[in-house]
Amino acid sequence: EPIEFKTNQWFGATVKAHKEKVVACAPLYHWRTLKDSPEKDPVGTCYVAIQNFSAYAEYSPCRNSNADPEGQGFCQAGFSLDFYKNGDLIVGGPGSFYWQGQVITASIADIIANYSFKDILRKLAREKQTGVAPPSYDDNYMGYSVAAGEFTGDSEQELVAGVPRGAQNFGYVSIINSSDLAFIQNFTGEQMASYFGYTVAVSDVNNDGLDDLLVGAPLFMEREFESKPKEVGQVYLYLQESAFLFQDAQILTGTDVFGRFGSAITHLGDLNQDGYNDIAVGAPFAGEDRRGKVLIYNGYSNGLNTNPSQVLSGAWASQSMPSGFGFTLRGDSDVDKNDYPDLIVGAFGAGKAVVYRARPVVTVNAQLILNPVIVNPDNKTCQLPVSELLVAWNILHRLMQISVNTFLLKGELQLDSLKQKGAVKRTLFFDNHQSHHYFSIETQRQKQLHCQDFLVYLRDETEFRDKLSPININLNYSLDESNFEDTLTVKPILNYYQKSSVTEQAYILVDCGEDNLCIPDLQLSAMPDKDQLIIGEENFVMLIINPRNDGEGAYEAELHIKIPPEADYTGVERSNKALRVLSCDYKMENETRMVVCDLGNPMVAGTNFSTGIRFSVQHFENADFSINFELQIKSSNKVNSTSNVVNLHINISAVAQVQIRGVSHPPTIILPLHNWESKDEPTKEEELGPLVEHIYELHNIGPSAVNNTVLRVGWPVSSREEFLLYILHIQTHGPLHCQTSSPINTMQIKVSLPFLFPSLSAFCLMRREVTVAEAHRKNSAKILNCTNVKCILISCTVGQLERGKSAALKIRSRLWAQTFLERKNDLYTLSSNVSFEVKSMPYKVKPAQLPEGSIAV
């Protein structure tokens with residue numbers, strides 16, 4: 001019967017190397033115990049090789065007579081593994097003593113010395129083991145993870161052991177003395193069942209000479225508000241301040257649900273050559289299709305940057321099981337011997353191990369030197385072909401590179417870089433008359449200083465306006481990757497945390513005193529040439545404006561006038577010699593209409609003048625009681641760049657004069673008529689009597705419009721059941737709609753003549769002169785109107801009447817002759833009454849009084 005059982009023993013589940021020593025363990029290795037009954041226990045075993053595998057030995061510290069769960073029969077030695085710096089071995093056995101777990105240390109030399117594969121119960125003299133604890137520590141899994149570090153200040157390393165199910169399943173990590181395996185200090189997890197202590201690692205992250213502790217809790221669950229908790233995992237960093245004293249934990253939290261962030265943590269060394277050690281964290285079930293991720297975190301003086309500088313993703317999708325990319329990590333090994341630490345990532349589900357070679361990091365210290373920094377526009381020493389003298393100055397750039405490789409560096413110098421594309425660049429390079437310059441530098445290994453000088457010139461002052469803002473000079477640099485050969489050599493990269501550009505500023509000398517800082521005192525006053533506008537008139541307004549500067553020069557000084565919606569810019573006043581003529585332009589700024597006038601560059605100290613800007617004001621549809629012009633002086637100065645704001649209000653009023661006119665045709669009728677006879681039952685209009693027509697005209701003289709007017713006509717229709725003026729038809733002209741208080745032409749008299757609509761003036765021409773005798777008879781006539789006879793009321797609504805427009809109403813009737821023939825030799829005056837009342841005007845502005853009036857015809 002066999003005494004060893006190696007099937008599914010997980011050989012290689014834990015592998016560690018230290019200098020020329022390699023240890024590989026099989027934590028599920030079983031052996032036939034010494035009991036009489038045939039039992040096998042998973043004691044675990046490890047194999048140690050030295051000197052390029054020239055000598056090796058097996059080491060199974062739990063394979064002994066102390067079998068069964070209560071002893072070391074379920075030890076699973078080699079579940080975790082690490083080395084002290086002196087080469088001694090640390091082995092974790094989380095299954096010993098009813099899964100209390102334990103850690104074991106031994107010397108590699110003792111393991112190799114006098115080894116014999118026949119001595120399966122071999123006991124090492126200097127081996128150390130933690131012992132059994134009270135039953136309350138059962139199922140704690142001490143030794144689930146192990147590491148070595150110095151935390152007591154005595155230069156001797158201690159061992160660190162993860163206990164992920166200890167402290168009532170909150171998990172804890174113990175620092176244990178290496179000499180006697182006494183427990184020194186514990187770190188306890190924050191959340192039950194987070195598996196705090198699943199993995200541990202040691203590194204001097206902040207480069208203070210003291211080891212720091214990292215702990216993984218891959219089952220940590222994050223709860224946001226009232227949502228369900230999400231398993232994302234966490235990593236805790238404890239920075240050591242002194243012996244036995246640590247800062248509060250800095251926490252890194254995973255982002256992928258069920259990604260098991262923190263399943264593996266490894267010290268990488270200084271990847272980016274910034275003097276601080278970096279860390280890799282595995283999340284083996286994170287990412288697309290749960291392919292796994294490894295996140296790289298860079299160290300700095302206060303710990304780890306919380307954002308990963310790089311994320312490595314697995315290349316194998318989940319088949320029967322996830323690839324587990326990132327389940328195991330090994331760092332700080334220079335596989336390709338390029339002086340940069342490399343990373344090995346295990347993907348057990350895919351049966352792969354991936355080596356990531358670190359790219360050489362290039363650190364470039366760049367400097368720009370400008371001479372002079374303040375450029376005097378009057379100091380013109382540079383002569384361009386077919387040009388006047390211009391101002392020249394120098395730019396010197398210095399590049400210090402630190403690298404282990406030879407490489408090509410690309411550089412670009414940009415002049416006046418703050419000016420947007422299309423804007424005038426105030427400085428140009430002398431050799432190419434452009435605002436940018438490209439160059440290349442081939443660098444050698446290690447530190448090397450490169451300097452290059454460029455001659456630039458300032459454009460003539462007539463070519464640009466901005467004299468106050470600084471001239472930004474940008475130096476950008478990058479690696480020329482086209483120069484690298486397409487080989488397996490790892491290409492270098494610029495330092496991730498260092499800027500790849502340098503900026504300096506030059507200034508144009510201005511007349512602003514020793515400090516080269518102009519502080520103007522801009523003042524503005526203005527007034528319109530009229531204080532009221534009447535809707536409907538041709539309204540032209542001139543703003544008389546007085547800008548002045550009581551301080552130092554104001555550069556790029558401009559007068560800004562915000563135009564109200566009712567106004568349009570028409571130009572600058574030129575006929576008045578007392579007013580200065582400015583150069584003004586109409587502009588749109590942020591959907592606001594503006595007039596912008598140049599006041600000088602600079603607007604020198606003591607400036608004080610008046611100018612006139614003209615506007616046409618016509619669009620009153622939505623105008624309030626006034627329109628507002630907002631004026632202000634603006635400059636590019638840093639201090640006191642603007643003047644006071646002036647708001648000019650001009651009142652608006654609505655005024656309309658409405659006239660009602662009327663005429664009768666004929667004005668006089670004398671009965672009896674020649675060749676006319678009355679009929680008892682007339683059917684045609686000629687049988688009633690003579691034709692009488694009235695026209696009424698409502699005329700808007702203006703200047704403003706009216707849009708809702710009521711016109712009323714009282715028409716004398718009968719007296720004592722006898723007809724007076726019998727209405728045949730009502731006709732309108734213009735925006736007029738009428739209705740009568742009772743029906744007309746109730747006797748269905750046939751209308752025989754066409755409905756002509758002569759103008760009111762034509763009617764007036766038809767009227768004949770009245771004799772003195774007729775006038776005397778008229779004065780003695782009896783008046784018949786709505787005060788003493790029955791009338792029909794005609795009500796009309798009149799639509800909008802602009803200035804000069806009219807609406808007219810024509811009433812066609814017949815004088816009922818029989819009524820008057822019965823009263824011979826009596827004189828009568830038949831009178832219709834007409835009145836109007838304007839109800840509203842088509843403006844927000846309300847008039848002081850709405851027009852109304854009346855006449856009798």
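From the backbone N, Cα and C atoms, a Cβ is placed for every residue, glycine too.
Because TrEMBL annotations are produced automatically, they should be read as predictions rather than curated entries.
Here TrEMBL flags 1-58 (among others) as repeat 'FG-GAP'. Across the range of the repeat 'FG-GAP' (1-58), the DSSP-based residue counts are 0 helix, 28 strand, 30 coil.
Look at TrEMBL and you will find 63-115 (among others) tagged as repeat 'FG-GAP'.
Here TrEMBL flags 182-247 (among others) as repeat 'FG-GAP'. With helix defined as DSSP H, G or I and strand as E or B, the repeat 'FG-GAP' (182-247) counts 0 helix, 31 strand, 35 coil.
Under DSSP, residues within the repeat 'FG-GAP' (248-306) fall into helix, strand and coil as 3 helix, 25 strand, 31 coil. The repeat 'FG-GAP' annotation in TrEMBL covers 248-306 (among others).
On the 0 to 100 pLDDT scale, the repeat 'FG-GAP' (310-373) averages 88 in the predicted structure. Sequence annotations record features per position, and here TrEMBL assigns repeat 'FG-GAP' to 310-373 (among others).
Annotation source TrEMBL lists domain 'Integrin alpha first immunoglubulin-like' at 358-510.
The annotation domain 'Integrin alpha second immunoglobulin-like' is assigned in TrEMBL to 512-652. DSSP assignment over the domain 'Integrin alpha second immunoglobulin-like' (512-652) gives 0 helix, 76 strand, 65 coil.
The domain 'Integrin alpha third immunoglobulin-like' annotation in TrEMBL covers 658-857.
Secondary structure of the repeat 'FG-GAP' (310-373), assigned with DSSP and counted as helix (H, G, I), strand (E, B) and coil, comes to 3 helix, 35 strand, 26 coil. With DSSP states grouped into helix (H, G, I), strand (E, B) and coil, the repeat 'FG-GAP' (63-115) comes out at 9 helix, 15 strand, 29 coil.
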